[in-house]
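Novice: What TrEMBL lists as signal peptide is 1-23. Among the features that TrEMBL reports, domain 'GOLD' is placed at 35-118. Here TrEMBL flags 179-201 as transmembrane segment.
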Amino acid sequence: MAVAFALFLSLLCSLQLAYRTYAAALTTAIGANERLCFYADVDKAGEKIGFYFAVQSGGSFDIDFEVKDPNDKSLLDGQRERQGDYVLTANTVGEYSFCFENDMSTLTEKLIDFDIMVESEPRREPPAKPGQLADQTSALEESMYRLNTMLLSIKRTQKYFHTRENRGFDTVKSTQNRMFWNAVFESLAVIGMAVFQVYVLQTFFTKTGRRYKV
């Protein structure tokens with residue numbers, strides 16, 4: 001009975017954490033000379049904001065970014081960054097902006113994978129009844145926090161390999177296109193040279209002398 005009640009308490013704790021955390025994982029394309037902004041609302045001062053982004057394809061895999069608070073104050077900014085993973089503390093209630101800018105490219109479109117997470121950190125309250133049940137509940141909570149930390153680490157590792165895979169695929173695709181057009185140009189050059197040589201040989205063996213009447 002005690003174990004079942006402890007599991008019930010851990011389930012409530014998990015639901016509370018899930019309720020207090022919301023995130024938006026998106027993938028978007030940003031054209032050349034384009035600025036694109038996304039927004040996240042913070043309902044309570046002191047909440048944590050997680051911001052992750054990675055350029056998946058396009059150009060040199062870099063982008064400019066800027067994060068501003070509701071008072072239009074710049075909290076984070078960077079130029080020609082390939083990826084970033086930041087955690088901020090929201091001291092002001094309101095709407096935070098996350099902007100990407102692709103001014104350095106005149107023709108290339110960038111594909112960006114990013115994640116915006118707003119999370120509050122609820123304080124762990126001591127159990128109402130001390131004893132063995134409290135010890136079991138505390139142990140379960142500690143296990144849950146350790147599992148959460150390990151899952152976050154696995155998630156970041158997956159994002160890293162996902163980004164490396166996309167960049168590698170984009171590089172291979174670009175190399176294949178260059179090799180294809182290089183082969184086409186070489187073939188046209190060989191054909192043109194052959195036609196030119198045939199034409200030159202024909203002019204060498206063609207009689208072009210004039211005829212005169214006596």
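Every residue gets a Cβ built from N, Cα and C, even glycine.
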Novice: Six or more residues beyond either end and a Cβ under 8 Å away: which residues meet both conditions relative to the transmembrane segment (179-201)?
Specialist: none
Novice: Counting by DSSP secondary structure, give me helix, strand and coil numbers for the domain 'GOLD' (35-118).
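Specialist: The breakdown for the domain 'GOLD' (35-118) reads 0 helix, 58 strand, 26 coil.
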